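TrEMBL annotations:
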type	residues	note
TRANSMEM	12-39	transmembrane segment
TRANSMEM	45-64	transmembrane segment
TRANSMEM	76-100	transmembrane segment
TRANSMEM	139-159	transmembrane segment
TRANSMEM	165-185	transmembrane segment
TRANSMEM	213-237	transmembrane segment
TRANSMEM	243-262	transmembrane segment
TRANSMEM	269-286	transmembrane segment
TRANSMEM	324-349	transmembrane segment
TRANSMEM	355-375	transmembrane segment
């Protein structure tokens, strides 16, 4: 089997992912922690901060998926990624001076631009992975990008203690350096056949597209939402900043391990069964009253995400190819974000009453996912 690094676009994207991964974790941990410190007594304001990304995705992801098929994807990526990095400078100052209107104004504007960029980046990731060596390529990019994220999570506490909110300055600089690594990047786009209705038509008519979007998006929305809820859960479980930092190291460390296991799994039934089981366990372990169970849930979230990716990518690309990839992935993000918003809004309320209600919500959601899987038998016929 040939090396995926023989493909120049894949190599460029992998180098970029090192900078993107490190800066992403610094941004996530610092921003959410600053929101918690400012608004720990105002749960509504804290919620407005953590819900920004999935909320924005609901409004822009579907349309941006269409745009990424219609126009040059690389240019869209350069522009949106560059602006989002620059906006971190005024956001840092807004946090330092506790200017609530500026914090939310800049944060939401930046979030809109980031999600436009992420949507194109999502398409880019699928587009640059060589089909001939798909599983190996996913594994390699996981190792490299996740090593960067693990390192970032491991040192976040030290960096934050040293420079506080100015960590966002560091994030901006690293983001711009990473973007410079993509010079000459080409990821397609410019389709003349794509329409706004393209993704909906695939969802209605293609059982595999519909099934994989529901299986992956609903589960991901139920489990990945812990990344937004983690500061609140740490308070409820009487945890600390160190657990918050370790959670990201645990997540991205297990993603690498799960991605290696993914390269050995070829049976779609075993893959989906393992994925669904990890979702159930994600919530069940939270029954034990210790802050360290949060790390276990994060590990289960990462494990599930790691083993399912090749299966999701194979199903979508076999059904839609590259031309309409952005549109279908935009719909995928729309469904995921809608579930995330629902879970976050309900969970914030339920956790403050009794965390058991949040656990029941999650288990009921995973039971729904299991039913969806059983109702889409063609998902069991995907070739890996």
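The backbone N, Cα and C atoms fix where each Cβ goes, glycine too.
In this chain, the transmembrane segment (139-159) lies out of contact with the transmembrane segment (213-237); the count of Cβ pairs under 8 Å, excluding pairs fewer than 6 apart in sequence, is fewer than 3. Same-chain residues lying 6+ beyond the ends of the transmembrane segment (243-262) with a Cβ under 8 Å from its Cβ atoms: 21, 25, 28-29, 33, 135, 138-139, 142-143, 146-147, 149-150, 152-154, 156-157, 227, 230-231, 234, 271, 291-292, 294-295, 298-299, 301-310. Under 8 Å from some Cβ of the transmembrane segment (76-100) lie the Cβ atoms of residues 27, 34, 38, 45, 67-68, 106-107, 109-110, 113-114, 116-117, 120-121, 124, 164-166, 168-169, 171-172, 175-176, 179, 182, 185, 187, 189, all in the same chain and six or more residues away from its ends. Within its own chain, the transmembrane segment (139-159) is flanked in space by residues 4-5, 10, 13-14, 17-26, 29-30, 125, 129, 167, 170, 241-242, 245-249, 251-253, 255-256, 259-260, 262-263, 306, which lie at least six positions past its ends and keep a Cβ under 8 Å from the stretch. Same-chain residues lying 6 or more positions outside the transmembrane segment (269-286) and placing a CB less than 8 Å from one of its CB atoms are 215, 219, 222-223, 226, 262, 293-294, 296-297, 300-301, 303-304, 307-308, 311, 355, 358-359, 362-363, 366, 369-370, 373, 379-380, 384.
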